[in-house]
Amino acid sequence: MASEDKKSKREHIIHFEDTASKSLDEVNGSVEVPHNAGFWKTLAAYTGPGILVAVGYMDPGNWITSIAGGASFKYSLLSVILISSLIAMLLQAMAARLGIVTGRDLAQMTRDHTSKAMGGFLWVITELAIMATDIAEIIGSAIALKLLFNMPLIVGIIITTADVLILLLLMRLGFRKIEAVVATLVLVILLVFAYEVILAQPNVPELLKGYLPHADIVTNKSMLYLSLGIVGATVMPHDLFLGSSISQTRKIDRTKHEEVKKAIKFSTIDSNLQLTMAFIVNSLLLILGAALFFGTSSSVGRFVDLFNALSNSQIVGAIASPMLSMLFAVALLASGQSSTITGTLAGQIIMEGFIHLKMPLWAQRLLTRLMSVTPVLIFAIYYHGNEAKIENLLTFSQVFLSIALPFAVIPLVLYTSDKKIMGEFANRAWVKWTAWFISGVLIILNLYLIAQTLGFVK
């Protein structure tokens, strides 16, 4: 009898759901939307999921690439950021459309249309991508805590585990609270870099010219490598899974054509607006790198280098001050914290969607966090908290994102182009072929970037 009770408790803690379970069940359809309201009131109701998705496009993993791009080639790579952002808008709109029309997220759809063995394989690949994303966020947060409070890196890494408790509290308060907290953190990042760029006084005409693509991006090997880094970091695999799930947090009747159509319209507007904000932040990072570090011998390849440079008048000139350095660290912490919230949600979506593993929220999020914290902690202990060595881990973590990209993009384009799945909401011909072209280019660029990172291509 006692053994049966123990078995029952284990099954309650960890069990496998049937395939019909909803994505992020605790918040699915939890946000009411008006039915006969005007444009702005309706948009306000749908605004929120886009900001959670946009966070992935300005996480700590993107910072170094953008700033280094500006420091090395001034404003020339702004065009790459623009093109990358437009690609992200298209793919994220497709992810949201998939979730709204089918009521299934990308992980669930992929699992539904593959064998059990293939589903398990895809889960492992995607889980590694989540870990890679989380590693960048943990490292960014831990370094920010050290810069702000002189906290040992190992202690900072352990403290980031507490994000799980914050997320649990926010989930109890409602999904809109999560959206509000993340939006506040993103606003902090935007304001900090806008302020620092204004102080840096960039050359505006030259800056605007940087948004026009030019041949040097392809012909110059160093410029091409940094461009690949920017593009490779733009489309984050976990964001496609996340977007397809949280688009379902708005309560609609999928049997009513007009409600589905309206949900797609306003979710796409929300996504594009928030990704525009991410585009602005990434532009500001590159502009800051160009205005302050172009033509100097200063290294800006690491967070600590950037922090120190902002208070060094020999590098950044008269605007140098400890305040600029502190603001940079605050923005880094805000970026890390906002990204960990969305990364943990994506981890839950992927685990439940691919292998139908259902766990209590605290166990699910603790497991997701520990899977990412553990390798960083081991690395930090092994290298005695050396920042340079730990930031190298951040660089290599991006390789996993590149490996996982095809396993997210290809199914997304397949499912959203299939009329049997999407009905009349399937991709139009020009959207489908544009998406396939973009997917092919992204995959080739990422494979090339992997080969360069691992030293197979010089």
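Including glycine, each Cβ sits where the backbone N, Cα and C put it.
Pulled from Swiss-Prot, these are the features on record:
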type	residues	note
TRANSMEM	38-58	transmembrane segment
TRANSMEM	76-96	transmembrane segment
TRANSMEM	119-139	transmembrane segment
TRANSMEM	151-171	transmembrane segment
TRANSMEM	180-200	transmembrane segment
TRANSMEM	223-243	transmembrane segment
TRANSMEM	275-295	transmembrane segment
TRANSMEM	315-335	transmembrane segment
TRANSMEM	370-390	transmembrane segment
TRANSMEM	393-413	transmembrane segment
TRANSMEM	437-457	transmembrane segment
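At the 8 Å Cβ threshold, with sequence separation of at least 6, the transmembrane segment (151-171) comes into contact with the transmembrane segment (370-390) through 3 or more pairs. Ranking 119-139, 315-335, 437-457 by CB pairs under 8 A with the transmembrane segment (180-200) puts 315-335 at the top. In this chain, the transmembrane segment (76-96) lies in contact with the transmembrane segment (223-243); the count of Cβ pairs under 8 Å, excluding pairs fewer than 6 apart in sequence, is at least 3. Sequence-distant neighbours of the transmembrane segment (38-58) (same chain, 6+ residues past either end, Cβ-Cβ under 8 Å): 31-32, 85, 88, 92, 96, 133, 175-176, 178-179, 182-183, 185-186, 189, 234, 236, 238-239, 242-243, 246-247, 249-250, 262-263, 266-267, 269-275, 277-279, 281-282, 335, 338-339, 341-343, 345.
A Cβ distance under 8 Å defines the sequence-distant neighbours of the transmembrane segment (275-295), meaning residues of its chain 6+ beyond its ends; these are 50-51, 53-55, 57-58, 62-63, 66-75, 77-78, 81-82, 85, 88-89, 92, 186, 189-190, 193-194, 196-197, 200-203, 207, 230, 309-310, 315-317.
Annotation: stretch 370-390 has the most Cβ pairs under 8 Å to the transmembrane segment (119-139), among 76-96, 315-335, 370-390.
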